[in-house]
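K.L.:
Starting off with a structure, shown below.
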Amino acid sequence: MPIPTPYEDLLRLVFERGTPKSDRTGTGTRSLFGHQMRYDLAAGFPLITTKKVHLKSVVYELLWFLRGESNVRWLQEHGVTIWDEWASETGELGPVYGVQWRSWPTPSGGHVDQISAAVDLLRTDPDSRRNIVSAWNVGEIPQMALPPCHAFFQFYVADGRLSCQLYQRSADLFLGVPFNIASYALLTHMMAAQAGLGVGEFVWTGGDCHIYDNHVEQVTEQLSRDPRPYPELVLAQRDSIFDYTYEDVVVKNYDPHPAIKAPVAV
């Protein structure tokens with residue numbers, strides 16, 4: 001059975017056909033607009049194999065989002081520094097992903113816990129077409145250190161299986177997207193477990209899909225490698241989606257090619 005390669009296919013497409021564009025960071029990119037990737041989560045956990053992805057950072061970042069945090073201190077305490085470039089001297093990032101997921105402000109002064117609401121809706125009305133979580137709070141974007149790149153996601157249940165579709169407005173294909181795929185695949189597994197469902201698909205939809213000009217050498221190396229089978233995710237049982245710990249997430253048979261380092265465009 002051939003190994004699915006939607007990520008590598010998109011990486012190659014943008015590498016070969018992307019339009020040269022300027023960008024906020026001043027680095028320069030080659031870019032294509034609008035693309036979709038689909039992953040059957042029952043067939044394997046989509047942790048990219050053409051380079052090693054730092055799973056510890058993926059897991060701790062997702063747990064940090066689920067905690068509703070706005071400060072990088074908790075990440076740093078667990079050895080994860082992927083948000084440090086955008087944080088203030090005190091570690092603050094403003095009302096970024098986790099804050100919006102867990103504490104979206106309402107006009108009356110209250111807050112909405114979108115994750116709790118999503119779990120409840122999966123349990124009580126799995127066919128709802130309104131099960132959406134958004135980090136794109138227009139009124140609070142000026143206060144954010146970085147506006148959300150992965151902006152909102154929707155859950156869908158069919159035949160007892162949970163699928164998730166993410167819309168990512170800005171997709172750094174080499175550095176960011178492998179993290180995002182793994183993170184939302186993991187979140188889908190967690191949400192499915194909370195609702196007593198199996199897993200279906202993770203659907204990734206990208207807006208500005210780009211490769212930075214200072215990642216060209218690294219992308220060339222990655223595209224020269226043959227993909228390997230995806231690993232298996234084993235997730236511990238937890239009563240609440242907010243109870244998961246790093247030790248609850250076990251990935252078996254991950255056999256990637258070596259990691260490839262590259263600079264982050266800030």
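Heads up, the Cβ atoms here are built off N, Cα and C, so glycines get one too.
Feature annotation from Swiss-Prot assigns dUMP binding site to R24, R129, R130, R169, S170, A171, D172, N180, H210, I211, Y212. As annotated by Swiss-Prot, (6R)-5,10-methylene-5,6,7,8-tetrahydrofolate binding site applies to H54, D172, A265. Here Swiss-Prot flags C149 as active site, nucleophile, drawing on sequence analysis.
Relative to the rest of the structure, where do these features sit?
P.N.:
In three-state terms derived from DSSP, Y212 (dUMP binding site) belongs to an extended strand segment.
Under DSSP, D172 (dUMP binding site) is assigned to a strand (E or B) in the three-state scheme. Within 10 Å of the C-beta atom of D172 (dUMP binding site) sit 23 other C-beta atoms, taking all shown protein chains into account.
Here C149 (active site, nucleophile) comes close to Q168, R169, S170, A171, D172, G176, N180: these same-chain residues lie at least six apart in sequence, with C-beta atoms under 8 angstroms from its C-beta.
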K.L.:
If one measures from the C-alpha of Y212 (dUMP binding site) to the C-alpha of A265 ((6R)-5,10-methylene-5,6,7,8-tetrahydrofolate binding site), what distance in angstrom results, rounded to a whole number?
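P.N.:
Cα-Cα distance, Y212 (dUMP binding site) to A265 ((6R)-5,10-methylene-5,6,7,8-tetrahydrofolate binding site): 8 Å.
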K.L.:
May I ask which of the binding-site residues R24, R130, H210 is closest to A265 ((6R)-5,10-methylene-5,6,7,8-tetrahydrofolate binding site) if we compare their C-alpha atoms?
P.N.:
R24
K.L.:
Sequence gap of 6 or more, Cβ distance under 8 Å: name the residues on the same chain that satisfy this around R130 (dUMP binding site), in order along the sequence.
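P.N.:
Those within reach of R130 (dUMP binding site), by Cβ under 8 Å and sequence separation of 6 or more, are L121.
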K.L.:
Return only the integer: C-alpha distance in Å from H210 (dUMP binding site) to H54 ((6R)-5,10-methylene-5,6,7,8-tetrahydrofolate binding site).
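P.N.:
The separation of the Cα atoms works out to 21 Å.
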K.L.:
Is it possible to get the count of other C-beta atoms within 10 angstroms of the C-beta of H210 (dUMP binding site)?
P.N.:
28
K.L.:
Near H54 ((6R)-5,10-methylene-5,6,7,8-tetrahydrofolate binding site), which residues of its own chain have a C-beta under 8 A away, given they sit six or more steps off in sequence?
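P.N.:
Listed in sequence order, they are A259.
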